[in-house]
Amino acid sequence: MNPAAAANQKEEFKLKDTKPQLGERWPHGGTRGGGGWISSERATSTYDLVEQMFYLYVRVVKAKDLPTNPVTGTIDPYVEVKLGNYKGKTQHFEKKPNPEWHQVFAFSKEKIQSSILEVFVRDREMVGRDDYIGRVIFDVNEVPTRVPPDSPLAPQWYRLEDRRGDSKVRGEVMLAVWMGTQADEAFPDAWHTDASSVQGEGVFNIRSKVYVSPKLWYLRVNVIEAQDVEPHDKSQLPQAFVKAQVGNQILKTKVCPQKTQNPMWNEDLIFVAAEPFEEQLYLTVENKVTSAKDEVMGRIILPLHIFERRLDHRAVHSKWFNLEKFGFGALEGDKRHELKFSSRIHLRVCLEGAYHVLDESTMYISDQRPTARQLWKNPIGILEVGILSAQGLQTMKNKEGKGSTDAYCVAKYGQKWVRTRTIIESLNPKWNEQYTWEVYDPCTVITLGVFDNNHLGGSGGKNDSRIGKVRIRLSTLETDKIYTHSYPLLVLQPSGLKKMGELQLAVRFTCLSLANMIYLYSHPLLPKMHYLHPFTVNQLDSLRYQAMNIVAVRLGRAEPPLRKEVVEYMLDVDSHMWSMRRSKANFFRIVSLFSGVIAMSKWLGEVCQWKNPITTILVHVLFFILICYPELILPTMFLYMFLIGIWNYRYRPRHPPHMDTKLSWAEVAHPDELDEEFDTFPTSKAQDVIRMRYDRLRSVAGRIQTVVGDMATQGERFLALLSWRDPRATSLFVLFCLVAAVALYVTPFKIMALVAGLYWLRHPRFRSKLPSVPSNFFRRLPSRADSML
């Protein structure tokens, strides 16, 4: 790629400023504002972060007194609304002369091609053309405009006309026709011209919806002990363990080390459960007969709603539960209900309400409130997001021989998910939908993703395709400021980095209480139970995976469903998978962190080498001042950082952060590394490819192994100073410590610091190119590397 093309590509990957016309602007004049527009005096508006879109609304309520077919004696009526080339139809009712539809049609003003709106009432016929019953005609230019927050326009009865419009016919239809915007309450459930080609159940998959994540709880099952458990072979004592299952989650305790009929475990098993509780806790006590064979000795099934909901770290009362005998066959009849002998198990079970159930990574968490609503604090702000449009989207599929994209946007913050309506067959869709969230912590992230809808046929289809994703951290936003930017939608594919388009957003973070917001910065990010009784790293990974699965399943059962592939992409379900590209990116992030330290050490090296004599002399002067007045050292450091912060305020970021291709190491990733990143787990590649990647991984791990070994060697040398592993070296160091202690005791500290500083800043003429004596001594110390196999 030539330099000019590379520069243009880098510009394409950057955030762009936009200046959309936001807010409500109403035509047809008014007393306020000039030029025939009404400007609202309200400080905020429901739709003040989006561009206004006008629609012609037609509400078809019902009909009455419709004439029946003279042949069949019945009527199957439906209504057809026609405006230019666009036609919308209601459902038909069989044998119903007084039908009720309560359906709204919305025609985009930009696509209106006619000044006449026609509403037809027809009789559906099984064979041949549908019979014409009558029609009502409206002049679009005479339609009234409804300005929110006015009440809805009252529908009226209209007499039907014949085909020529000369005379009235039998029958009436109740209609309301008005001009409004997307702020109208009829907008979300209306039939749109944007989706006029969608038929059947596919209509439900294009509407905008708001979803709420299920309320998640951690279920803590403390398995204490069991009594009187009997194996099938009564001549052998059992070696028992407990297996617990909630839904698809299965956990086991350790096997009791002793063979006994009264085993003890005292282990915690943690599950994720969602309200309403549909699963049950299924416990079995099993005997480890052999390494490959387990036998069930008893079981119990407990509904989750019977367990106590704990709001703090106080102890929960334990209970004994009788176990059902397991293994009776059908021929045994009702023996399982006999109470001649009972095994029982001792449990302490509770639903943890003081934890936040993590279903997303803590790196970009959007909610940190505990499960129990009683523990929630008041919100500290409001987040408003206007999802305006997308520009330059790539074609995602072929439809009738030509490329097309049916795009919709999903936003997730806290427990609230929103999904815009789907714009059909458009590479530049305009949604102009606005949503609001309560903010409980500013150090959270909102995630927005754009997808291609593959379920418009109403029957399954393949998964919805990813177009791109945007994350915005709220703490990087200034309060009460509207950010209007176009975010690049970047997607990594096996073929490399690809820009799929741009997403145009308007974002505003409004602060409700500045004092509470500042107060939160001194508090931990997660609820206190995460720190008082923390989970292990392995537990957190497993629980997060289970929580993501539960959220995906529950949202997939909504109508229209928020599909599993969408939820997993928004929650970064595969963020923990191995990636050579991501490993390189994280390594260079660490390198960049130390770049300031490295630059400072280089500068100090130049000072010590007297590269710039004036700078070195000034450093000497500062050093003498700090030696004479050591109480100035800490104030000087903090004053210096204060001045740096004030100086950097002029160059502060003016826009939210976005996906950085250079930081992600995405532009220069090797194709095979990307192919490995997108491989399934377990792998589905050929054996020779796996061998090559394994060898590459071994070489990288070998370098890491060498670095870790070098670090261990330096630490062991430090410990060897006093370990007498090398008796001569330890003798010399102990003697040096004695002399240093006496010298520091009799010599003022200022004198010692002054001598050490002058020696460090000495002129190159008094320096040697050989390593220093302390360095030579340290490198000669022994380490345990000699004992490694």
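We count from 1, first residue shown onward.
Heads up, the Cβ atoms here are built off N, Cα and C, so glycines get one too.
As recorded in TrEMBL:
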- 1-37: region 'Disordered' (REGION)
- 9-19: compositional bias 'Basic and acidic residues' (COMPBIAS)
- 37-158: domain 'C2' (DOMAIN)
- 198-321: domain 'C2' (DOMAIN)
- 359-487: domain 'C2' (DOMAIN)
- 505-522: transmembrane segment (TRANSMEM)
- 587-605: transmembrane segment (TRANSMEM)
- 617-649: transmembrane segment (TRANSMEM)
- 732-761: transmembrane segment (TRANSMEM)
At a threshold of under 8 Å on Cβ distances, which of 505-522, 587-605, 617-649 pairs most often with the transmembrane segment (732-761)? 617-649
Close approaches to the transmembrane segment (617-649) from elsewhere in its chain (Cβ under 8 angstroms; 6 or more beyond its ends): 607, 750, 753-754, 757, 761
DSSP-assigned states of the domain 'C2' (37-158) in counts, ordered helix, strand, coil: 6 helix, 53 strand, 63 coil
Sort the residues of the domain 'C2' (359-487) into helix, strand and coil with DSSP and give the three counts. 9 helix, 62 strand, 58 coil
For the compositional bias 'Basic and acidic residues' (9-19), DSSP counts of helix, strand and coil? 4 helix, 2 strand, 5 coil
